[in-house]
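Sending over a structure as structure tokens; questions will come in a sec.
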Ligand code: PNS
């Protein structure tokens, strides 16, 4: 049976840290669905459609990656597409508490779907969509932090 994983997130916007996790995940699982979901504690800069388009462009060379979005619970989405795994990246200890809470809740909702964590590549451990937006907002360079299409979209957004 094919192994299917969901790589969920806000992806507002996708960074090279996200892309690293997606690529490495795609080399382990047969199929990875990158799903844009709503994080109720965040106020997004890019629309869901814009975020999906940027992820599509950034992942176009990875054959077993599909980009999607879902309005609702992550666990419902995973059930709908038949995924047995949720894939998340961990950057530092500071991510741990939040991830532990989400993982425990998802397991409570459906104990048949496992969450897998991958340590972010060291070179991206300080990266987040928020810090990248802050730099771009004040006209700093985000080259080497985000895919080229995202850099272009951020310059356009903040001009
Ligand atoms: O990139 P983020 O913001 O850390 O991703 C968080 C996300 C979107 C995966 C999380 O907020 C989520 O799963 N949202 C969908 C609603 C849900 O299922 N919430 C309960 C589990 S946290």
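The backbone N, Cα and C atoms fix where each Cβ goes, and this holds for glycine too.
Straight out of TrEMBL:
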- 10, 11, 18, 89, 90, 91, 99, 124, 125, 126, 127, 128, 129, 130: ATP binding site (BINDING)
- 10, 42, 74, 88: substrate binding site (BINDING)
- 6-134: domain 'Cytidyltransferase-like' (DOMAIN)
- 18: site 'Transition state stabilizer' (SITE)
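Quick one: where do these features end up spatially?
Taken residue by residue with DSSP, residue 90 (ATP binding site) is part of a strand.
For residue 10 (ATP binding site), the Cβ neighbour count at a 10 Å cut-off comes to 19, with all displayed protein chains included. According to its DSSP assignment, residue 10 (ATP binding site) is coil.
Under the three-state DSSP scheme, residue 18 (ATP binding site) falls in the helix class. Within the same chain, the residues at least 6 positions away from residue 18 (ATP binding site) whose Cβ sits under 8 Å from its Cβ are 9, 11, 89, listed in sequence order.
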For residue 42 (substrate binding site), identify the closest of the binding-site residues 90, 99, 125, judging by Cα separation.
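The smallest Cα gap between residue 42 (substrate binding site) and any of the binding-site residues is with 99.
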Which of these binding-site residues (88, 99, 125, 129) have a C-beta closer than 6 Å to some atom of ligand 1?
none
Looking only at 42, 88, which of these binding-site residues has the biggest number of Cβ atoms within 10 Å around its Cβ?
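The most densely surrounded of these binding-site residues is 88.
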Counting Cβ atoms within 10 Å across all protein chains shown, which of the binding-site residues 125, 129 comes out on top?
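Top count of Cβ atoms within 10 Å goes to 129.
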Rounded to a whole angstrom, what is the C-alpha distance between residue 10 (ATP binding site) and residue 74 (substrate binding site)?
11
Secondary structure at residue 42 (substrate binding site) (DSSP, helix/strand/coil)?
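Its secondary structure by DSSP: coil.
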